[in-house]
Amino acid sequence: MSLRSGFARLLRKQADAALQVPKPGHSVALVGAPLSRGQKRRGVEHGPGAIRGAGLTQRLLGLGCRVYDFGDLNFTQVPNDELYNNLVKYPRSVGLASQVLADAVSGAVAAGHSCVTIGGDHSLALGAISGHTRQCPHLCVIWVDAHADINTPLTTQSGNLHGQPVSFLLRELQDKMPQLPGFSWLKPCLSAPDIVYIGLRDVDPAEYYILKNYDIQYFSMRDIDRLGIQKVMEKTFEHLMGRRQRPVHLSFDIDAFDPSLAPATGTPVLGGLTYREGMYIAEEIHNTGMLSAIDLVEVNPLLGASQEEVKATASLAVDVIATCFGQTREGAHTVFDELPTPSSPDESESEEQVRI
Ligand SMILES: [Mn+2]
């Protein structure tokens, strides 16, 4: 290589660097939340391990994120955790775990991270969102799920708390909420206009009543068929951020996807999101620049019929999270500033050596 051309290239690189505004990568906190008492199936507590095993950290590092993995939270099982009202299961265990998670999410966001909570069942969202609102009281929630998860402890038919987290968070519902053991720490922190659902297709009668009577915005799978996912996202942001930009909490249940894509989950429902619709949702949320926290829940490695099904489900979870942090289908997410040319001095030199 001639000295002159090498020096010129160095100067050019320095000039380029000076022109580019340094783009700080996201700082991402990973919090494993192996919470499983919000539902009855064994295995969802291994969700964090499966999602990490599918390469989450590497993918985020590849996107230029700084990743701080806080490991899995330690949830103590509360002994003698009896049914509430002869129906609601493990209230004290879920309440206590949610309290621990709320502190973790609040701490991570206060430290300047975007917080990714990997579950675990969806009851954890009440802790994650509650903790997030301590730092960002004006946040909004995008809840991507086959289910509305908005039963109250008095309307639930299954007694599983993973079908109820939203009811604990909404101010408007508080006169319908009994005081559950384990939940005295929790204050409602969302109003009905602060949340939008996407992907619904299995909604209980009482949940439907709540959605309609409290004016909660939702886009069912039928709405996605009718409007297309592009319009759905446009309307979602118009509803949540029409007046002002605000931090976004994405609560993503893997069962929002069609069971053919995400089979390893506890309550699959036919007719879910396609891969492309799921990625579009995540891309658009990234593009707002307002994403502040994610829950990725209900990956259950014990429910796959094969290792391939488990891997596919966990990889899908990683794709959603990576897309939320800037992975695009067009590529160009990492800096690549120069193509090698055959005439460059390095190349011709080595060619000469080969000829000799
Ligand atoms: Mn859910």
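Even glycines carry a Cβ here, placed using N, Cα and C.
Over in TrEMBL, the protein carries these features:
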BINDING   HIS122, ASP145, HIS147, ASP149, ASP253, ASP255  Mn(2+) binding site
COMPBIAS  346-356  compositional bias 'Acidic residues'
REGION    336-356  region 'Disordered'
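Here the features listed in TrEMBL are painted onto the structure.
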residue	record	DSSP class
HIS122	Mn(2+) binding site	coil
ASP145	Mn(2+) binding site	coil
ASP253	Mn(2+) binding site	strand
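The number of other Cβ atoms within 10 Å of the Cβ belonging to ASP149 (Mn(2+) binding site), over all protein chains shown, comes to 27.
Cβ packing within 10 Å was compared across the binding-site residues HIS122, HIS147, and the lowest neighbour count falls to HIS147. Other than the site residues HIS122, ASP145, HIS147, ASP149, ASP253, ASP255, same-chain residues with C-beta atoms no more than 8 angstroms from the centre of those residues' C-beta atoms, the Mn(2+) site, are TRP143, ALA146, ALA148, HIS162, GLY163, ALA256, THR267, VAL297, GLU298.
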